[in-house]
């Protein structure tokens, strides 16, 4: 059986240089194959519609994440909440996310990529639960329906729209009551309902559950009716069959030696990013601005613009420069910006440079927020790229559960850390971001320009 798996892997590695589909990045991915047939189109209407659904879910998740930042003072005043009570309110989203993350991989494997968004709509009563599933589902689904030429930028779109959702809450929350803001946040969930009837299932999930006869139809739908999808369909089927013949289904399969490096890398990045303060910045940006001596309205509006600009730039660059360069830059900036924010509070506590310390805080927050959009998108993308489909569900559940748990810790205890020492809190975040940079620099492979099967065969082969 081991010999059979190795032969299948080597066969796929050899195939990397011999694919007769022509991908032309400079001409929207349309070319002509060896036999004169029309090659795969990287971007089609159905792919755009599928990404729109993912973006709506992401925007709604961003609204949930950003809700507590502009409403903290009004909610505490109207309802008479203490710091501890509001911290519990702010962090309870992460508790729901823990539950969603724990089952996200397996429930997505069971129901498929397309049907799971229906579960998300039904589960909006528990926003954290839906976010826990979304964190795994969206990058997996998009990466499995896109071509290698545009996989990075399309998979990064949900991270950008999460940022837009957070920004939307920041801006609108400055003008409306917290009750009205909660009602407005339900709109993205309604927008995705109709398109759900028209988006296709993931071809790789179809292969996993034995519905091979549907794969070609789905690929034609995604790549264009006249596209030559024979090689892509064969590659997906062959790789999934090799996995079925050489491994078993089950949660413990992910702990095999050949998957340990990927699991430690992705789980480590997600955990360190959360311990680096992502939820603290997302949930409590308003109070951070006020504590630093800045206008909450000006600060939150500027954050919204920064997230949009940096997110778009990241989408444009991710398939050109690659995952590693952008990931290293984003984690380095997260480290520096956290340190800069901590330094601003340090100067304020000592009554030094009173004119400049708020500016340092603003620069630090803007840099951190922009880098988070890029870093979170790449981390989610790597989760979808590095694990083969037989263990992807288990890997997603483990990684997102650990991320949600550490995110809850930061979200709940941040206000207490801030009362202890704002300087110390941001310096701690900086230290975790620095550790994340070291992990990324030493463990993360480049995955640009390769199909999912090529990436997973290569990574598994090097781990044997």
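Glycine too: its Cβ is placed from the backbone N, Cα and C atoms.
In TrEMBL, the transmembrane segment annotation falls on 420-439 of the listed ranges 420-439, 440-459. If you look at the transmembrane segment (325-347) against the transmembrane segment (420-439), you find at least three C-beta pairs under 8 angstroms, all six or more positions apart, and that counts as contact. Nonlocal intrachain contacts for the transmembrane segment (359-383), taken as residues 6+ away from its ends with a CB within less than 8 angstroms of a stretch CB, comprise 135-136, 138-140, 143, 151-152, 155-156, 158-160, 162-163, 265-266, 269-270, 273, 277-278, 281-282, 285, 288-289, 292-294, 299, 302-303, 306-307, 309-311, 314, 318, 323, 326-327, 329-331, 333-334, 336-345, 347, 395-396, 399, 426, 444, 447.
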